[in-house]
């Protein structure tokens, strides 16, 4: 879920923090990608006939197709991704995960009813609600991107939190995810719609956390408390408090403790055993690996390894795969050349400026006339 209605609240109160940019505008940038979110999106992006891509034996390959082509698109545009996968979910997320399981069970019943009625549109809708990324699919995705030479990290806990930690440490420019809680975890920049299909021609939606805090008139602690009131994966919401009310309460009372002391708890009943302090701690002190000494290395793709995996094992079209890998390698070379050209152009500018300064100094000396240490000729 991320944080309920946070995108709307930011749109209402901090429109300047949102920029729509072209994909190619991130040339030369390193980004941390919430891989688990990507896989989910690839799996729900079913074909027009409502089915997922599969091998002849019935194995789903939508996740591999999506990961392969989205990665190539990024590399082709000079973007260097790091894929971060979810680790063990925090204990406080158990309730949310149980709710998701219940929703999938209900969706399965509704899907079966729709099948009996021959309602194809409803069948497709409920099929998407049944999607869950399996451990095997995650491992296959890791294998693929590793063969492609892309760094892979297994987060101790939440992938978005680890992405945010990488961004805060300056290892990457931004977090790539559709989950808004990447901002709540402190990612300075969040990029949404970056992994959308190229055919959709959607701009990348860039969100700037510092601008959000400035426009909201809040510090990070207050922003986290706002996100908890809006609704997150760790605790229930307070019935009757929607996005507008939540924003007003934090603006006025600054923290959840003050809100609870002030509001009418008959009108706004507090959930039993509401562990908002623990939720706050999970956002402000998430379980992440230390990024300070972490070295991210992008390697040459293992072309034959990729062909073996995708074409031999997963029945992908070899000509298309090899053609795409050629495009990827050209993209890598272009990015490297651009960085070299950039280096020399900067050096040229510096040299030019130095020469210009020396010439100006010579001209100034001529204008001043003879130096003080010499006698002027009569």
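Backbone N, Cα and C atoms are what each Cβ position is placed from, and that goes for glycine too.
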Quick check: of 34, 76, which does Swiss-Prot put in the same Mg(2+) 1 site as 86, 158, 160? 34
If Swiss-Prot says 179, 181 bind Mg(2+) 2, which of 215, 225, 233, 273 does it name for the same site? 233
If you check Swiss-Prot, which stretch out of 90-113, 282-305 is marked region 'Disordered'? 90-113
Write down the Cα-Cα distance for residue 231 (DNA binding site) and residue 179 (Mg(2+) 2 binding site), rounded and given in Å. 13
How big is the Cα-to-Cα gap, in Å, between residue 233 (DNA binding site) and residue 181 (Mg(2+) 2 binding site)? 9
Residue distribution over DSSP helix, strand and coil in the region 'I-domain' (122-253): 68 helix, 15 strand, 49 coil
Whole-number answer please: how many Å between the C-alpha atoms of residue 231 (DNA binding site) and residue 181 (Mg(2+) 2 binding site)? 10
For the binding-site residues listed here (70, 158, 179, 181, 233), tell me which residue's CB has the most neighbouring CB atoms inside 10 Å. 158
